[in-house]
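See structure below.
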Amino acid sequence: MILGTSTTSLIFELIIAISVFSLRLDGAPNFAMLSSIVTAATNAVLDYIFIFPLNMGIKGAAIATSLSCFIGALMVLYYLAFKAQKIKLICLHLSLQGFIFFAKNIRSQCIIGSSAFLGETTLAVLMFVGNYTFMHYLGDNGVGAFGICCYYLPFVFMTGNSIAQSSQPIISYNFSINNKKRVKKALNISLKTAFCCSSIMALFFILFPEIMVNIFVNLSDPSAQIAIHGFPYIGIGFIFFVLNLAVIGYLQSIEDVKRSTLIALMRGFIFLIPSFILLPQLTGEKGIWLALTFSELTVTLIILINVLRLRFIKIHHITHQNN
């Protein structure tokens, strides 16, 4: 029963996730935000009602999630059906040509979105490999310490992802009409916002690790001491983590699939996994916490080197033309 109810909510969650992005592209970011707030608030209220007054336990929580997602899905579908200005729901043409057109669109979406998928995978790889590494070197207390950190990681990812997704409609639209000045301005704002937000999060991890840890466990717990020691090391990496997400979002917006996918692969597999393997052997416990920081920093440096290389080539080309 619980599994069936949860599966139903996934359908509505997919509708919301896709439609909210479409709403932003259609010029209705406020309605997109409203639908998300209504869904979350409804879920919180129904969770309380079903779990406590009605005493339905986990089953009640599953039903609450499904109902709240259903309400959110109705809101976004109503907008797309009746209020949308440009991006509207249309009937699929039941013909060979219509099917081919549909298949091409799906293929393009999968190709462009592959780097976003790999970005989500990075978080999963980080948690999976991180748990394994902490267990190997520090045992249960190490896993507990990393678990505390994992409570905060989705917030870091959501910050970077929201910045990237917020800038994508602006960058994509202006790129399509060849308004390079506007594209550059949007990218600069995106990167500055990413740096400021990630720096604030990093400062919390560096300056107030005791407060961050004490929210979840007592400071006398052995896992708490491990987490307090490690939070500053992994916190520094959040700056590069969010910046890299912003860059990937930009590359997706200008349809640079190869580079965005390559950066996503470097973040999730090429550098992150070897960092978890090698750094603990070189620097001990500190190396486990530094794995994410080293991986993301390396990717950021590669991006900077590539940008400087392209700028040098452009300057050299202009100089050669003038001569």
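Glycine is treated like the rest: Cβ placed from N, Cα and C.
Automated prediction, rather than curation, is the source of TrEMBL annotations.
According to TrEMBL, the features are:
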- 7-25: transmembrane segment (TRANSMEM)
- 31-54: transmembrane segment (TRANSMEM)
- 61-81: transmembrane segment (TRANSMEM)
- 110-130: transmembrane segment (TRANSMEM)
- 142-164: transmembrane segment (TRANSMEM)
- 185-208: transmembrane segment (TRANSMEM)
- 228-250: transmembrane segment (TRANSMEM)
- 262-282: transmembrane segment (TRANSMEM)
- 288-308: transmembrane segment (TRANSMEM)
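Comparing 7-25, 31-54, 228-250, 262-282, 288-308 for CB pairs under 8 angstroms to the transmembrane segment (61-81), the maximum falls on 31-54. By the Cβ criterion (under 8 Å, sequence separation of 6 or more), the transmembrane segment (31-54) is not in contact with the transmembrane segment (110-130), since fewer than 3 such pairs are found. Most Cβ pairs within less than 8 Å of the transmembrane segment (262-282), among stretches 110-130, 142-164, 185-208, 228-250, belong to 110-130. Count of Cβ pairs under 8 Å against the transmembrane segment (185-208): among 110-130, 142-164, 228-250, the largest is for 228-250. Non-local neighbours of the transmembrane segment (228-250) in the same chain are 115-116, 119, 145, 149, 156-157, 159-161, 163-165, 167-168, 171, 187, 190-191, 193-195, 197-199, 201-206, 209-210, 212-213, 219, 260, 263-264, 267, 285-286, 288-290, 292-297, 299-300, 303; each lies 6+ residues outside the stretch with a CB under 8 Å from one of its CB atoms.
Long-range contacts of the transmembrane segment (142-164) within the same chain, counting only residues at least 6 positions beyond its ends with a Cβ under 8 Å from a Cβ of the stretch, are 119, 123, 126-127, 130-131, 134-135, 190, 193-194, 197-198, 201, 205, 212-213, 216-217, 221-224, 226-227, 230-231, 234, 238, 241-246, 248-250, 252, 288.
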